Amino acid sequence: MIWHVQNENFILDSTRIFMKAFHLLLFHGSFIFPECILIFGLILLLMIDSTSDQKDIPWLYFISSTSLVMSITALLFRWREEPMISFSGNFQTNNFNEIFQFLILLCSTLCIPLSVEYIECTEMAITEFLLFVLTATLGGMFLCGANDSITIFVAPECFSLCSYLLSGYTKRDVRSNEATTKYLLMGGASSSILVHGFSWLYGSSGGEIELQEIVNGLINTQMYNSPGISIALISITVGIGFKLSPAPSHQWTPDVYEGSPTPVVAFLSVTSKVAASASATRIFDIPFYFSSNEWHLLLEILAILSMILGNLIAITQTSMKRMLAYSSIGQIGYVIIGIIVGDSNDGYASMITYMLFYISMNLGTFARIVSFGLRTGTDNIRDYAGLYTKDPFLALSSALCLLSLGGLPPLAGFFGKLHLFWCGWQAGLYFLVSIGLLTSVVSIYYYLKIIKLLMTGRNQEITPHVRNYRRSPLRSNNSIELSMIVCVIASTIPGISMNPIIAIAQDTLF
């Protein structure tokens with residue numbers, strides 16, 4: 001009895017503190033109000049988990065989703081405000097950073113309903129899973145607003161540590177343990193290389209850590225063309241390359257995709273790329289302003305390797321998740337075109353637009369993999385044969401997302417790639433755009449091969465997995481379908497109304 005009274009008092013006191021802090025932040029303003037909402041959500045998750053039983057599990061999902069939606073709302077209310085630098089220059093808020101934060105929050109918001117049924121069926125620890133997702137989201141948001149080299153290093157570590165834990169969440173699975181080990185080792189090595197690059201920038205600029213001050217320091221010390229800057233550029237490119245996973249920094253991607261829980265893969269496949277892209281645009285554009293030719297060349301090489309290797313190797317894959325891993329390597333090659341073009345020819349606007357479409361296309365495809373995998377226990381591409389005869393909605397939604405990934409008109413992926421390639425062509429990247437067009441045709445081949453399997457109607461070609469396919473009786477199945485419907489709509493309809501989306505993206509340029 002005393003224990004229950006103490007718990008009730010603890011909850012009441014914590015709620016009062018939460019409401020007071022919320023009131024102060026809401027009416028007195030804050031540079032990191034959206035991030036604070038997620039922090040309060042994390043605190044509430046811990047409170048409910050420590051003071052309740054299993055019957056309160058729906059509240060955990062509700063609090064997580066509500067925190068993310070409220071954070072998105074706070075970002076939208078802050079739209080078009082004047083850029084601000086806070087925390088002694090460590091953090092900057094402007095429209096450009098906030099659009100990437102919005103994309104990260106959107107990814108997390110869609111991933112939570114996508115994960116509900118998987119967590120229930122596999123009996124994973126729910127609270128810890130949600131805590132890691134929200135904390136990783138928080139790290140990604142801080143990375144988008146980072147304005148100095150220390151924050152750019154610390155923020156992705158917050159994201160990465162949660163990613164390592166999520167990838168090894170099914171600890172009884174040997175493949176998951178192997179994926180986590182590779183992910184951790186590669187992540188640690190890349191972080192070391194990234195710090196090495198920042199140390200060269202720090203020394204060459206005369207001890208500066210803020211991005212703009214590094215440029216001023218390089219001018220004062222006359223070190224902007226020194227060999228140390230070249231070493232810094234190569235090291236930082238390698239470090240960021242691990243997060244973006246372009247070739248040849250892609251070795252960890254297929255194994256982590258295959259061994260990690262599917263909802264985790266869905267989350268990592270988009271959030272890490274969005275956060276790393278936001279960081280890359282600022283790092284290459286500001287500290288390496290005087291080395292633009294050099295980093296353009298480096299990124300062009302990475303883009304070409306990614307588009308060619310990613311799409312060619314994807315053809316040979318038999319696992320759906322490994323195929324999407326190599327597909328994502330090719331997709332990041334297209335995104336790099338936007339980074340190279342920059343804001344002079346709407347490169348950043350086209351990159352942001354394409355990443356918005358990529359989120360919906362990729363998460364829609366992973367929602368189908370989660371749903372099919374829970375009912376059949378397989379991830380083999382051939383086992384999808386004849387799915388249309390058992391679940392037309394799942395097969396058709398999968399086909400739309402795959403066609404959009406391939407870039408077929410009139411879907412969103414086509415218009416996203418078209419605008420991205422057009423911006424690259426206007427910027428004079430003729431060879432890079434030509435490679436992108438050719439590899440896009442290659443990607444259409446393996447996407448259509450999967451769609452052909454999905455639509456197979458002849459009984460002799462339907463696999464035993466599909467013959468025994470049964471729709472789930474769980475209520476949580478609706479949450480996967482909800483995520484899938486949202487992603488399918490976002491993968492199709494926005495292509496018809498590209499101009500408003502491009503205009504919004506153009507308004508974000510710093």
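Each Cβ is built from the backbone N, Cα and C atoms, and glycine gets one as well.
These come from Swiss-Prot:
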TRANSMEM  24-44  transmembrane segment
TRANSMEM  99-119  transmembrane segment
TRANSMEM  124-144  transmembrane segment
TRANSMEM  150-170  transmembrane segment
TRANSMEM  183-203  transmembrane segment
TRANSMEM  227-247  transmembrane segment
TRANSMEM  295-315  transmembrane segment
TRANSMEM  323-343  transmembrane segment
TRANSMEM  347-367  transmembrane segment
TRANSMEM  395-415  transmembrane segment
TRANSMEM  418-438  transmembrane segment
TRANSMEM  484-504  transmembrane segment
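Tertiary proximity for the transmembrane segment (99-119) is limited to same-chain residues at least six positions away from its ends with a CB under 8 Å from its CB atoms, namely 34, 61, 64-65, 68-69, 71-72, 75-76, 126, 129-130, 133-134, 136-137, 140-141, 144-145, 261-263, 266-267, 270-271, 274-275, 277-278, 352, 355-356, 359, 363, 366-367, 370-371, 374, 472, 474, 476-477, 479-480, 482-483, 486-487, 505, 508. Highlighted: of the candidate stretches 124-144, 150-170, 295-315, 150-170 has the greatest count of Cβ pairs under 8 Å to the transmembrane segment (183-203).
The stretch from 124-144, 227-247, 295-315, 323-343, 347-367 with the most CB pairs below 8 A to the transmembrane segment (418-438) is 323-343. Ranked by the number of CB pairs under 8 Å to the transmembrane segment (323-343), the listed stretches 124-144, 227-247, 295-315 are led by 295-315.
When each of the listed stretches 124-144, 227-247, 395-415 is scored by C-beta pairs under 8 angstroms to the transmembrane segment (295-315), 227-247 comes out highest.
Counting only same-chain residues 6+ beyond the ends of the transmembrane segment (395-415), those with a CB under 8 A from a CB of the stretch are 327, 331, 357-358, 360-362, 364-365, 368, 387-388, 440, 443-444, 447-448, 450-451, 454-455, 484-485, 487-488, 490-496, 498. For the transmembrane segment (124-144), the list of distant contacts is 34-35, 38-39, 41-42, 45-46, 49, 57, 60-61, 64, 67-68, 91, 97-98, 100-101, 104-105, 107-108, 111-112, 115, 118, 151-152, 155-160, 162-163, 165-166, 169-170, 261, 267, 271-272, 274-275, 278-279: same-chain residues at least six beyond its ends, Cβ to Cβ under 8 Å.
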